[in-house]
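Asks: Right, I'll just put the structure down here and ask away after.
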Amino acid sequence: MNPNQKILFASATAIVIGTIAVLIGIVNLGLNIGLHLKPSCNCSRSQPEATNASQTIINNYYNKTNITQISNTNIQVEERASREFNNLTKGLCTINSWHIYGKDNAVRIGEDSDVLVTREPYVSCDPDECRFYALSQGTTIRGKHSNGTIHDRSQYRALISWPLSSPPTVYNSRVECIGWSSTSCHDGRARMSICISGPNNNASAVIWYNRRPVTEINTWARNILRTQESECVCHNGVCPVVFTDGSATGPAETRIYYFKEGKILKWEPLTGTAKHIEECSCYGEQARVTCTCRDNWQGSNRPVIQIDPVAMTHTSQYICSPVLTDNPRPNDPTVGKCNDPYPGNNNNGVKGFSYLDGGNTWLGRTISTASRSGYEMLKVPNALTDDRSKPTQGQTIVLNTDWSGYSGSFMDYWAEGECYRACFYVELIRGRPKEDRVWWTSNSIVSMCSSTEFLGQWNWPDGAKIEYFL
């Protein structure tokens with residue numbers, strides 16, 4: 001063929017191929033339209049009835065990957081709307097020993113990973129899961145900003161949560177609210193989180209509900225407004241929370257606030273015989289909330305607040321038992337005090353907890369009487385009311401050769417069963433002030449839950465070697 005014929009042949013071939021491609025595309029488009037408009041598919045875009053909204057969404061969009069998250073969101077919204085407020089209808093399960101529940105090894109992993117500096121940790125559950133919580137310092141353990149994180153209050157702290165038994169990292173942590181003191185709890189429908197921030201003489205609390213700010217509370221004594229540092233508890237939507245504002249080494253003003261959906265229903269000043277209240281650890285059962293607190297002013301015995309969330313009233317006293325559970329503390333006396341602080345804490349203390357259930361009562365405390373080291377659980381029947389009650393059983397959680405710290409109670413109120421399983425956590429503090437070869441202060445967490453079996457014990461230390469950080 002001559003050149004002109006070659007050009008004509010090539011052009012004709014291209015036209016034929018292009019025409020075939022267009023026809024294939026038209027056929028493909030027609031098939032797709034036909035498949036999506038077949039009679040068995042409900043393709044209406046109108047708002048589905050509320051009673052079957054999630055099912056309609058799944059039928060319409062189950063095979064569209066880019067819509068999957070929207071479908072899940074709609075399902076979650078409907079489930080949340082249909083959930084009921086949690087009611088504290090059960091009693092505590094019999095406690096014969098404690099089994100391991102969670103451990104995050106945060107400091108060990110933080111030696112070579114982006115783990116956040118935290119303190120004041122706790123555990124809290126909702127109908128779907130339980131998560132670790134803590135106050136972050138806005139830096140990682142290996143970050144240069146970790147220098148000075150021994151200080152409790154700064155603009156860089158936030159309440160974060162992360163999956164159970166994972167370390168808190170910059171990738172898996174969720175910020176709940178901003179502040180240097182906190183509490184958080186779920187009422188069965190949504191979570192309420194409270195964070196306190198600001199200068200010592202002008203701090204304020206912001207109450208979040210369902211991830212939105214709802215209410216604010218201003219300082220009333222202008223001396224470090226503060227709250228529980230562990231989970232609150234809700235009954236039929238009413239969530240009592242204990243706040244203190246005032247001196248840590250003298251008289252302070254404590255209030256119990258009653259919230260519903262983040263809004264204040266009522267507040268009342270502390271009543272009863274407790275003289276000083278800080279950092280309460282609360283649990284709920286049989287339509288009441290019991291909080292074991294810290295008397296930082298005078299008491300080596302712990303004050304207890306018993307709250308009726310239905311009547312929205314409370315009373316307070318001290319644990320009567322001579323088994324003292326604060327730190328520092330003197331040696332256990334022969335007779336305890338029910339309505340007065342037992343002296344010997346030297347204007348100091350540590351957050352702690354107890355489960356006060358008659359003959360099923362267990363108290364937690366550091367093993368050391370002088371420093372935050374070791375941890376043990378002691379069964380002390382009738383400790384709340386008997387001023388001569390003594391331990392009948394015990395379990396070591398952390399040996400006295402290892403550091404401990406704050407501790408607190410929590411329960412999974414949505415777990416199956418005829419009773420509530422008691423649980424607790426222990427903060428394992430590392431770094432300053434005791435380990436001053438490093439510049440930071442942080443912690444890991446170990447948590448345990450009760451068992452009706454008589455289980456063996458083991459040491460559950462933080463486990464990080466400080467020399468690896470030098």
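All residue numbers here begin at 1 and follow the chain in the order shown.
For all residues, glycine too, the Cβ spot is worked out from N, Cα and C.
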Asks: From Asp326, Asp332, Asp386, Asp387, grab the residue that Swiss-Prot records in the same Ca(2+) site as Asp295, Gly299, Asn348.
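Replies: So the Ca(2+) site in Swiss-Prot includes Asp295, Gly299, Asn348 plus, from the candidates Asp326, Asp332, Asp386, Asp387, Asp326.
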Asks: Based on the record in Swiss-Prot, give the one of Cys291, Cys293 in a disulfide bond with Cys282.
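Replies: Within the candidate set Cys291, Cys293, Swiss-Prot assigns the bond with Cys282 to Cys291.
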Asks: Looking at the disulfide bonds in Swiss-Prot, identify which of Cys43, Cys93, Cys125 pairs up with Cys419.
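Replies: Here Swiss-Prot pairs Cys419 in a disulfide with Cys93.
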Asks: Relative to the Cα of Cys320 (disulfide bond), which of the disulfide-bonded residues Cys185, Cys234, Cys280, Cys293, Cys449 has the closest Cα?
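Replies: Result for Cys320 (disulfide bond): the nearest of the disulfide-bonded residues is Cys293.
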Asks: Considering only the recorded positions Asn147, Cys282, Cys338, which residue has the minimal Cα-Cα separation from Cys125 (disulfide bond)?
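Replies: Checking each of Asn147, Cys282, Cys338 against Cys125 (disulfide bond), the shortest Cα distance is to Cys282.
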Asks: To which of the disulfide-bonded residues Cys125, Cys423 does the lowest count of other Cβ atoms within 10 Å belong?
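Replies: Sparsest of the disulfide-bonded residues Cys125, Cys423 by Cβ contacts within 10 Å: Cys125.
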Asks: If you count other C-beta atoms within 10 angstroms, which of the glycosylation sites Asn87, Asn147, Asn202 is the most crowded?
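Replies: Per the Cβ count, the most surrounded site is Asn87.
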Asks: If I take the Cα of Cys423 (disulfide bond) as reference, which of the recorded positions Asn87, Cys93, Cys234, Cys291, Cys338 has the closest Cα?
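Replies: For Cys423 (disulfide bond), the spatially nearest of the recorded positions is Cys93.
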Asks: What is the one among the disulfide-bonded residues Cys282, Cys419 whose Cβ has the most other Cβ atoms less than or equal to 10 Å away?
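Replies: Per the Cβ count, the most surrounded site is Cys282.
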Asks: If you draw a 10 Å sphere on the Cβ of Cys449 (disulfide bond), how many other Cβ atoms land inside?
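Replies: Counting Cβ neighbours of Cys449 (disulfide bond) within 10 Å gives 20.
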